[in-house]
Amino acid sequence: MTPDEFLSALTEFDIQLSDKQIKQFERYFELLVEWNEKINLTAITEKNEVYLKHFYDSIAPVLYGLITDQPVSILDIGAGAGFPSLPMKIIFPELKVTIIDSLNKRINFLSLLTEELGLENVTLLHGRAEDFGQDTNYRGTFDFVTARAVARLSVLTEFTIPFLKKNGILLSLKAAQFEEELNDAKKAIATLGGKFIKEVAYELPNGDERHIALIEKKKETPKKYPRKAGTPAKNPIK
């Protein structure tokens, strides 16, 4: 997907990018490749692939109407090089984005990236989601939590649901179908106060299948969750 094909694909969803936004995506690509020489951000560095598998894929929640142009708060867990939250932020500058990452080098990259792209209302937090999830400054404060190919749902839900406000939504972006994952995660979702709402299935322009699971927080998460760092992955809620 060339940059021009990217722009054309967005117009099919009635999204027209300004010159500034086009340049922001261009600079994003340049910085991603440049910094990838120093730290491992992505295995995908070819321009057309970045525009398809990182930029286009990241904005799927916008394309399918799950995130709209409102000043809502979004927490991105395990964003790596800023996916999916920062491409959505470029499209909708009103979004208030917070990113948690456990690797300081990635936080340094994201700090430079947001500054260079002129993205405001972006907060970068260095640490583990399990620790921040017990911090009252962040727990129960977000409208949305996004996670793209981070962990199986039985683990991911413990990383994410505690951060949501009541009626807030977890958007879990997956490459493969997650029916089996969802069955495994039923106990975790219920225990943490969530409810599976629906799945959005779609294809990238090259035909690759993608899925987004929507899980809504219906009641407060018990105080014991998330458990200490490392425990959810080793011992998922069953």
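From the backbone N, Cα and C atoms, a Cβ is placed for every residue, glycine too.
Just so you know, TrEMBL annotations never went through curation; they're auto-generated.
As given in TrEMBL:
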type	residues	note
BINDING	Gly78, Phe83, Ala129, Glu130, Arg148	S-adenosyl-L-methionine binding site
REGION	217-238	region 'Disordered'
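Nonlocal intrachain contacts for the region 'Disordered' (217-238), taken as residues 6+ away from its ends with a CB within less than 8 angstroms of a stretch CB, comprise 128-131, 133-134, 139-140, 151-152, 154-155, 157-159, 161-162, 164-170, 184, 187-188, 191-195. The number of other Cβ atoms within 10 Å of the Cβ belonging to Arg148 (S-adenosyl-L-methionine binding site), over all protein chains shown, comes to 24.
Remark: Phe83 (S-adenosyl-L-methionine binding site) has His54, Asp57, Ser58, Arg148 as non-local neighbours, by Cβ distance under 8 Å and separation of at least 6 in sequence.
Summarising the S-adenosyl-L-methionine site geometry, the residues cited as binding it (Gly78, Phe83, Ala129, Glu130, Arg148) extend over a maximum Cα to Cα distance of 20 Å. All protein chains considered, the CB of Gly78 (S-adenosyl-L-methionine binding site) has 21 other CB atoms within 10 Å. Phe83 (S-adenosyl-L-methionine binding site) falls within neither a helix nor a strand when secondary structure is assigned with DSSP, and so counts as coil. For Glu130 (S-adenosyl-L-methionine binding site), the number of other Cβ atoms no farther than 10 Å from its own Cβ, over all displayed protein chains, is 20.
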